[in-house]
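Participant: Before anything else, here's the structure in question.
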Amino acid sequence: MNEKQLVGEKAVEYVRDGMIVGLGTGSTAYYAIQKLGQLVQAGLSIKGVPTSVQTENLAKELKIPLTTFTEVDYLDIAIDGADEVDQQQNLIKGGGGALLREKIIARAAKQFIVIADSSKMVNTLGTFPLPVEVTQFGHKVTKSHIEALGGKATLRQMDGEIFISDNGNYIYDVKFENIMDAKELEQALNLIPGVVENGLFVHMADKVITVDKNKQIVIR
Ligand code: 5RP
């Protein structure tokens with residue numbers, strides 16, 4: 001079993017009958033959702049809230065019942081991947097472009113479980129460019145304000161086109177050298193008009209499930 005599958009399936013052990021479950025996005029969350037699909041087929045009763053259209057489609061294929069924030073105002077648990085996890089369990093997320101819904105769902109969850117293979121564990125955040133979701137309107141001006149904070153911003157492209165998020169926004173991937181104060185940067189970015197959200201998740205993870213050098217699961 002690869003590391004993503006190991007951590008993804010481990011996280012599902014925290015899901016109980018009757019729970020409202022935030023369903024993450026990406027190749028690690030994929031394994032958690034597959035496992036949930038199997039358990040639902042075997043009789044587990046849950047409702048999922050997907051963090052992206054991609055995950056919504058996967059959950060529908062697997063016949064996982066879904067709900068929305070018009071029906072619920074909190075989630076029991078959310079399970080999601082990360083692009084980087086530092087030693088304080090702060091995260092960079094948004095490599096898959098789903099950071100806004102991922103952050104809303106993580107914040108609404110009583111328990112936010114992060115699943116990360118060993119390549120995601122870092123001492124200091126910032127090797128992975130930080131995704132920042134911005135409105136299309138005025139995005140070049142927004143970019144210059146983002147860069148004034150010390151990063152180099154690149155507009156995300158996909159298949160030769162500008163990438164558009166599920167919320168109709170653009171994403172800048174911003175390379176900061178080392179993110180020394182994640183909370184300060186998270187707040188400074190979100191004060192810029194035109195920034196919708198950024199991929200720094202500070203003090204949000206309740207548990208991180210990863211794998212050590214001996215391929216053993218580590219929960220911290
Ligand atoms: C999507 C995310 C993902 O959780 C993150 O990019 C990790 O993805 P993967 O599990 O495929 O490595 O934040 O927006």
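Using N, Cα and C of the backbone, Cβ positions are placed for all residues, glycine too.
TrEMBL labels come from automatic prediction, so no person has curated them.
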Participant: Pick from Lys120, Lys140, Lys143, Lys152: which one does TrEMBL list with Thr25, Gly26, Ser27, Thr28, Asp80, Gly81, Ala82, Asp83, Lys93, Gly94, Gly95, Gly96 for the same substrate site?
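Facilitator: For substrate, TrEMBL names Thr25, Gly26, Ser27, Thr28, Asp80, Gly81, Ala82, Asp83, Lys93, Gly94, Gly95, Gly96; of Lys120, Lys140, Lys143, Lys152, the listed one is Lys120.
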Participant: Taking Thr25, Ser27 as the binding-site residues to compare, which has the smallest set of other Cβ atoms within 10 Å?
Facilitator: Ser27
Participant: List the Cα distance (Å, whole number) between Glu102 (active site, proton acceptor) and Lys93 (substrate binding site).
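Facilitator: Checking the Cα atoms of Glu102 (active site, proton acceptor) and Lys93 (substrate binding site) gives a distance of 8 Å.
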Participant: Once near-sequence residues are set aside, which residues in the chain of Lys93 (substrate binding site), 6 or more away, have Cβ atoms under 8 Å from its Cβ?
Facilitator: Asp80, Gly81, Ala82, Asp83, Leu99, Glu102, Lys103, Pro131, Gly199, Phe201
